[in-house]
C-alpha cells in the first residue's frame with residue numbers, strides 16, 4: 001500500500017513538473033532581465049539570488065529595484081511589496097478549496113510557490129490538486145526563476161533584443177492558453193474573464209487603484225457579480241418549474 | 001552582502017509568504033458558506049481575465065505587438081492546442097512580426 005501511495009505521488013509530482021514547463025519558459029526572460037537590472041542597481045550576485053530565493057515574486061522584485069535606485073527606505077519597499085502581493089491571499093484561498101486534504105505543514109511548504117502563474121495552472125486543472133502536483137509545478141517554476149536570475153546577473157545581458165521582445169508575450173500566452181479551453185466549455189467563464197478584464201482595465205487606466213489592488217478588486221467584483229446573477233437565475237428557473 | 005539589503009529581502013519575503021500561506025493553514029476548505037464557495041470557484045477564471053488585460057497591451061511600446069500576440073495565442077488555443085504550443089506559437093508569430101517591422 002505504502003509503495004502504491006509513493007508511486008502515485010511520484011507520478012503526480014511528474015505531472016506537476018510537466019505542467020510547469022510553460023511557466024519555466026515564461027520566467028526565463030523575466031528573471032534574466034531581473035538579474036541584469038539588479039546588477040545595474042548595484043546589488044551583489046549573492047543579494048540578487050537571495051532575493052529570488054526568498055521573495056519569488058516577479059513584479060515586486062522589479063519594483064524594489066526601481067525604489068532602491070530612487071533611494072526609497074527599506075520599510076516603504078517592504079510595505080509596497082506587501083501591497084503588490086496581497087492578491088496571493090485571494091488566490092491561495094481559492095486554490096485551497098480544490099486542493100487535496102493534507103497535513104498543514106505540506107501546504108505551508110508548497111504555498112511558498114504560489115504565484116500568478118502557478119496559481120493559474122493549478123486552479124484551471126481538472127479535478128483535485130494534489131500535494132505532489134503542487135510540489136512539481138512550483139519547483140520547476142522556482143528553479144527557473146532563481147537560476148535565470150543568477151545567469152542574468154553573471155552574463156550581464158539578457159536575451160537578444162528581438163527574442164527578448166517576442167518572449168515577453170510568453171506568460172500572457174500561457175494565461176490565454178489556460179483560459180480558452182474553459183471558455184469553450186462554459187459561457188460563465190467567458191463572462192467571468194471578460195468582466196474582470198474590463199474592471200481591471202478601468203481601474204488600471206484611470207489609476208484608481210495600484211496594480212496589486214486592481215487585480216484583487218476586479219477579480220472579486222466579477223466573481224461576486226456572476227455568482228449573484230447565477231443565483232438569481234437559478235431561483236427564477238426553480239420557481240418557473242413549480 | 002550589505003546587511004541592510006539582506007534585511008530588506010527577508011522583510012519582502014515575509015510579507016510575500018504570509019498572504020500565500022495563511023489561507024492554506026487557516027481554512028480546511030469546503031467549510032465556507034455555499035455562496036462564498038461559489039465565488040471562490042469563480043476566482044480562477046476572473047483572475048485570468050484580469051491578469052491578461054490590460055497588461056498584454058503594454059508588453060512593448062508598440063501596442064499592436066501585444067494585440068497580435070494575444071490574438072495568435074487565442075487562435076492557437078481555440079484550435080485546441082496544448083498550453084506549451086500556445087506559448088511557442090505566440091512567440092513565433094511575434095518573432096516574425098518584429099523581424100518584418
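The backbone N, Cα and C atoms fix where each Cβ goes, and this holds for glycine too.
Checking TrEMBL for transmembrane segment across the ranges A:1-19, A:20-38 points to A:20-38. Against the transmembrane segment (A:133-157), the recorded stretches A:20-38, A:70-90, A:212-229 differ in Cβ pairs under 8 Å, and the greatest number is found for A:20-38. Taking residue pairs at least 6 apart in sequence, the transmembrane segment (A:163-182) and the transmembrane segment (A:20-38) share three or more C-beta contacts under 8 angstroms. Under 8 Å from some Cβ of the transmembrane segment (A:189-206) lie the Cβ atoms of residues 179, 182-183, 213-215, 217-219, 221-223, 225-226, all in the same chain and six or more residues away from its ends.
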